[in-house]
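Participant: Sharing a structure below in structure tokens format, with a few things to ask.
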Amino acid sequence: QQIQFADDMQEFTKFPTKTGRRSLSRSISQSSTDSYSSAASYTDSSDDEVSPREKQQTNSKGSSNFCVKNIKQAEFGRREIEIAEQDMSALISLRKRAQGEKPLAGAKIVGCTHITAQTAVLIETLCALGAQCRWSACNIYSTQNEVAAALAEAGVAVFAWKGESEDDFWWCIDRCVNVDGWQANMILDDGGDLTHWVYKKYPNVFKKIRGIVEESVTGVHRLYQLSKAGKLCVPAMNVNDSVTKQKFDNLYCCRESILDGLKRTTDVMFGGKQVVVCGYGEVGKGCCAALKALGAIVYVTEIDPICALQACMDGFRVVKLSEVIRQVDVVITCTGNKNVVTREHLDRMKNSCIVCNMGHSNTEIDVTSLRTPELTWERVRSQVDHIIWPDGKRVVLLAEGRLLNLSCSTVPTFVLSITATTQALALIELYNAPEGRYKQDVYLLPKKMDEYVASLHLPSFDAHLTELTDDQAKYLGLNKNGPFKPNYY
């Protein structure tokens, strides 16, 4: 019997026309934005055109000492924070152990970090330990609006919302610092923007700060520059290079979140795709491991011969970006540097190449060079732009070159618990240090403290440490209780 296609063809024509499909797509898209999940959608109320700066909002206690997208989302944000708490047991444990002593009583902490459910657990831990906190966002796209609302409802002076303009970004930082009758004495920073703002705009405030805690490559670099120039007049703790940040957050967090961010925005399949990862530090290592596991062909660019050799030993080809730029399907930057991907590279990319950044700062890809009359920007969906060349070639740019995982997806809670606990202990250490212990310089976290953070997380795995005998400890020249690693590790 012959198969009849005629009726099927008639059925096919009943499907929506191109115009109809577009309106259907728009209605589906619109319904998804009604969700409060800031990971899945990037607008979450119908009044997006109204800037939070122009709204008059108060929490249930009558306070208006905050600026968030929508205070009515607080209840939903609280549920997200409670979910995060379940996988941040070490931070909760620290909160329970220390809240009786209040080691941060009198601390007035001004913070500038990503504002997510995980950060909220850290902020509320600092408050439970006696601190007063004022907070802004270190990235214009990474704020979870409902979490910011929950913090504002709980009484934290938070100034942040997803999709801030450049002007909003600095305005929020300024509102945290410039307050009548409130003088910050500690800084918790991610990227160095807050430290830079206080140093430049409020030098008198800067001089009275008791300590700075910084957790990013970019921010640490800025601190060392200040120190070298003799302009750092307060002690600072380099959390980024502590073992519990470098070997965990940078590596494992990126290994699990790079694919999430790329798939949510582009639905790309990685099997057989050619990907170049710029930088093989801990972030690059995590990204490469995840991509390799899905069958991608991965190239690495490096300036450091040691990292380059590690990449070779892990089975990756180390190349110059210019050698592979015409053939790769995805370009990922993880260096903390600037102009890693230049306009020349972008001009030579093939059609539909995906370009994104996993480093903290938005300087790695020369996005500014793309804002020229001959190129057309087409917003495909939130955090996804097509840059169209005159000949029709398209490059897919994610999050306008800003941090991919926190701008386009979420990050694993447990690994952030490790970093957050490290930050909390660094703040406690600097705030309570006797005068003279820390001079006006940049310090690494004491190794004993790194080991304490790690030990707090072991019960989650039902892991049991082996204890050295007295004879073994003497043989190794170690204290039975640590530290087990030298300071340079």
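Even glycines carry a Cβ here, placed using N, Cα and C.
Curation does not apply to TrEMBL; its annotations are automatic.
Because the structure is a prediction, the values reported are computed rather than measured.
Reproduced below are the annotations present in TrEMBL:
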| type | residues | note |
| --- | --- | --- |
| BINDING | Thr116, Asp190, Glu215, Lys245, Asp249 | substrate binding site |
| BINDING | Gly281, Glu282, Val283, Gly284, Lys285, Gly286, Glu302, Asn405 | NAD(+) binding site |
| COMPBIAS | 25-44 | compositional bias 'Low complexity' |
| DOMAIN | 250-411 | domain 'S-adenosyl-L-homocysteine hydrolase NAD binding' |
| REGION | 1-64 | region 'Disordered' |
Participant: Inside 10 Å of the Cβ of Glu302 (NAD(+) binding site), count up the other Cβ atoms and send me the figure.
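Facilitator: Within a 10 Å radius of the Cβ of Glu302 (NAD(+) binding site) lie 23 other Cβ atoms.
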Participant: Could you say which of the binding-site residues Gly281, Gly284, Gly286 has its Cβ with the most other Cβ atoms inside 10 Å?
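Facilitator: When each Cβ's neighbours within 10 Å are tallied, Gly284 leads.
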Participant: Return the residues near Glu215 (substrate binding site) by Cβ distance under 8 Å, restricted to its own chain and a separation of at least 6 in sequence.
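Facilitator: Those within reach of Glu215 (substrate binding site), by Cβ under 8 Å and sequence separation of 6 or more, are Thr113, Asp189, Asp190, Val239, Asn240, Lys245, Thr419, Gln423.
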Participant: Which entry in the list of binding-site residues, Asp190, Asp249, Glu282, has its Cβ near the fewest other Cβ atoms, using 10 Å as the limit?
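Facilitator: Candidates: the binding-site residues Asp190, Asp249, Glu282. Fewest Cβ atoms within 10 Å: Glu282.
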Participant: If you skip the near sequence neighbours and keep only those at least six away, which residues in the chain come within under 8 angstroms of Lys285 (NAD(+) binding site), Cβ to Cβ?
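Facilitator: Those within reach of Lys285 (NAD(+) binding site), by Cβ under 8 Å and sequence separation of 6 or more, are Leu251, Arg255, Gln310, Asp314.
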Participant: Note down the number of other Cβ atoms within 10 Å of the Cβ of Asn405 (NAD(+) binding site), including every protein chain shown.
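Facilitator: If we count other Cβ atoms within 10 Å of Asn405 (NAD(+) binding site), we arrive at 25.
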Participant: Looking at the binding-site residues listed here (Gly284, Gly286, Asn405), whose Cα lies nearest to that of Thr116 (substrate binding site)?
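Facilitator: The answer is Asn405.
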Participant: Across the domain 'S-adenosyl-L-homocysteine hydrolase NAD binding' (250-411), what does the pLDDT come to on average, as a whole number?
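Facilitator: In the predicted model, the domain 'S-adenosyl-L-homocysteine hydrolase NAD binding' (250-411) has a mean pLDDT of 95.
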Participant: Around Val283 (NAD(+) binding site), how many other C-beta atoms are within 10 angstroms of its C-beta?
Facilitator: 28
Participant: Taking the Cα atoms as reference points, how far is Gly281 (NAD(+) binding site) from Asp249 (substrate binding site) in Å?
Facilitator: 12
